């Protein structure tokens, strides 16, 4: 299938934003498909490419983390990666490159502010999937995406809490279960010696994922999220909760 000249001109403009040239060996039909929303074409849209792109951005993130932070533990890498591949992060990069200007989508869906983050994240992943499948590797992605991944990873590591495990856990539960974790916090027994502060347990549906304590509610929740990461995400174990 050949694209209309106007559409191919649009797509070339997008790739130039990524730093790629007009002679880049891409499959233009795949790039076009990556920017086609289901509201315009229920059968031929970016959903499958989004699936591929999800794996691609995880691979690219792991590559950057391994290269620049080789001494980091698997648990910490997993926490970092979960934020790097979260909808909020990917949507931000989609906005940066103005993907909405190239989407084939109905005006109503495009104008939906509530679905904006998911839309931009999904289309960004689909574009990554199209670029990867065009050549079978990261050569069209690594030159421009790695700098964003490294900058974001550096920003996260400079966080006062070192890693925002709560944000990482939230990104992970949304990706796998389409829901948010719940934190249940209670004060520690004030009558016992050395028992000041709070105890938090993080739940996913009916299943507790981790517990932790801290001097504040926020630090206790962070500790609970960190344990959940160490026990589940770092070991790539998917719990099977009942979610209402």
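In case you wondered, yes, glycine gets a Cβ from its N, Cα and C as well.
The record from Swiss-Prot ties 122, 125 to Mg(2+), and of the options 43, 50, 221 it ties 50 to that site too. Of all the recorded positions given, namely 54, 125, the one with the smallest number of surrounding CB atoms inside 10 A is 54. Across the structure, residue 122 (Mg(2+) binding site) and residue 54 (active site) place their CA atoms 9 angstrom apart. Taking the centroid of the Cβ atoms of 50, 122, 125 as the Mg(2+) site, the other same-chain residues with Cβ within 8 Å of it are 46, 47, 49, 51, 53, 54, 90, 121, 123, 124, 126, 129. The sparsest Cβ neighbourhood within 10 Å, among the listed binding-site residues (50, 122), is found at 50.
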